[in-house]
Amino acid sequence: MLSESGIRQLFERRYVPANCHLLGDSGYPCKPWLLTPYLQPRQGPQLNYNRAHKTTRAVVERGIGQLKRRFHVLHGEVRLRPEKVSKVIIACAILHNICKVRQIAEPLEDGDEDEDGDNDEDGGEEDIHIPQGNRAQSGLPYRANFTNLHFRDADGAGAADGNGV
């Protein structure tokens, strides 16, 4: 899906500022604009990076879960043209934000907690890795520099300076 998306083209053509990033799981190729986790992180910056990556992805996934609980149209496949489905998603997000401002509780469903079952605390990544070849992995040196710049502190404080993931 990402390979066909307009957002990929915006990043690849450098319409998006260099300090903006997307996060992806290990099934995606690492790129300067698409940060993926280390598969076998070493202690220190790599482990700190993976922990911050996982925490940030979890926030996004919880938000998606909230939208899906509130608007069942977002469960499963939405059979609409891409132009229409993007409008439906935007409308759901706006309505969800209105509900949050007005403190309207979201519906609860069984099994919504930790939908991906990912509870490892070591910052490791358990997603399936799909090799993408050298060209697709062009972001590895960028990720290494990014990691060493922002996650070098042993306690992960490098990410707290506002320049982290």
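Each Cβ is built from the backbone N, Cα and C atoms, and glycine gets one as well.
Taken from TrEMBL as is:
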- 2-97: domain 'DDE Tnp4' (DOMAIN)
- 107-141: region 'Disordered' (REGION)
- 107-125: compositional bias 'Acidic residues' (COMPBIAS)
Would you mind splitting the domain 'DDE Tnp4' (2-97) into helix, strand and coil residue counts from DSSP? 55 helix, 5 strand, 36 coil
The domain 'DDE Tnp4' (2-97): mean pLDDT? 92
